[in-house]
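Scroll down for the structure; my scribbles are underneath it.
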Amino acid sequence: MNKLLLILLGLTQSASTHRRRGIIGLWLILGLNLSLIIITSTARDTRPPSDYVLTIETDRPKAFYQQGERVGFNISLTRKGQPVNSAKIHLRISKDGITPNIHEEDIVITNGKAFTSAVLSEPGFLNGRVDFRVPEENRILSSFAAAAVDPLKIGPSMPPPDDFDEFWASQKERLADSKINLKMTLVDSAYSDLEIYDVQADCFDGIHLSAYLAKPVGAKPASLPATVLCHGAGVASSRMSSVAGWAREGFVAIDFNAHGLPNGQPRSFYTNLYKNELKRYYMRGAKSRETLFFRELFIRLMRATDIVASQPEWDGKILVANGRSQGGGQAIAAAGLDSRVTFIAAQIPALCDHTGIAAGRINGWPKLIPVDANGKPDSDVMKAVRYYDAMNFATRTKADAFFTVGFIDRSCPPTGVYAAYNQLSGDKNIMNHLHTGHVTSEDADKAVRIAVLKHVRQMRNK
């Protein structure tokens, strides 16, 4: 089971012909680099794949149910394609895939099949997990599935703080009053049809922005839509290939790295920072809204948005915020912070519903709120994180949006993603990946591109 599993991606809510299989033995590296990596639970196991195949799937192709409705889970175990008889499977049913479990037991497979069911009496996600210990191979196979229970009715776990707007207005004012010291240096690249710049700029409180910006050669003033491209979790250079791709679609594009680091350094430079000075950077300063890492990240986000919007080629009308995971959360925040943003493209967004625990559900990435021995959440952290919740920024924008979500995503849980999605008031669509965790796919990237370009056409026709 050491084979990378890149299957079962790109499933949409309407794709009823796809199979509803959980990904066997799939675990995710949480909070890593811009490319989302998936590995199996036995990635270091050099043995050949097991003869056994274990699956769990919901009894409806789209996996959508109503509150109080019984959700069925079909379980299958085969060996070399043949049904297994009288095998013991460990079953867990839970809300959001976390303890306490709604139901847990050992069940016996008969003729390769078993069935179980459970009920969730509130909007959310009901998760099923099965484990099978392979006696001949000394390994455990696992499979996962999830059912969406009235997901469009999932509400916020907590409202925005009373002074949410006041706080962010003060940050914007400080940014506007600070010296930008903007330096844009044209860089040599393989993209002869584009102008690509290394961008360095200051913010305030010692916060620095480092980015790449690209535009088509010879673009006329006020002729191009703009996009700001936000990074997922990790430590890396800004991405020249990303701005080049969108510039070739006719955008003026900016891509900034999360830490204000110099661009184009050897990989070892960023890896060393990730392992040392910036290790678990996303957990830093969580006791206060003034010290939490995401404050400096969102300040960089606002500066990057201002810079791309200041380019003479921007049409002054269309501005897209785009990102995955941590970048997806930033894309939502960008729209909440700046009314010029007209479209949000957020793939498997993080930073959604930090305070899920207040409503008896899972917290969104990076799960900032610690609990004590009695399960009581840290009140200081709970207070601070609300100023950086994409769910709250979603209430402050009228931008249109396109989201993707993984039903068995434990990093950026679908409950939190839907809690943020449901707060948006503009035209919106969400692409449901029934069988995937914290991963993206070519299908999702293609869907984002289609949605963004459709938005551009619609805005130009207004």
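Any Cβ shown, glycine's included, is placed from N, Cα and C.
A TrEMBL annotation is a machine prediction, not a hand-curated record.
Feature annotations, reproduced from TrEMBL:
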type: TRANSMEM; residues: 24-43; note: transmembrane segment
type: DOMAIN; residues: 158-433; note: domain 'Acetyl xylan esterase'
type: ACT_SITE; residues: Ser325; note: active site, nucleophile
type: ACT_SITE; residues: Asp409; note: active site, charge relay system
type: ACT_SITE; residues: His438; note: active site, charge relay system
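The structure, with features from TrEMBL marked on it.
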residue	record	Cβ neighbours (10 Å)
Ser325	active site, nucleophile	30
Asp409	active site, charge relay system	26
His438	active site, charge relay system	27
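According to its DSSP assignment, Asp409 (active site, charge relay system) is coil. For the pair Ser325 (active site, nucleophile) and His438 (active site, charge relay system), the C-alpha distance works out to 8 angstrom. Computed over the domain 'Acetyl xylan esterase' (158-433), the whole-number mean pLDDT of the model equals 98.
The secondary structure of His438 (active site, charge relay system), as reduced to three states from DSSP, is coil rather than helix or strand. The CA atom of Asp409 (active site, charge relay system) is located 5 Å away from the CA atom of His438 (active site, charge relay system).
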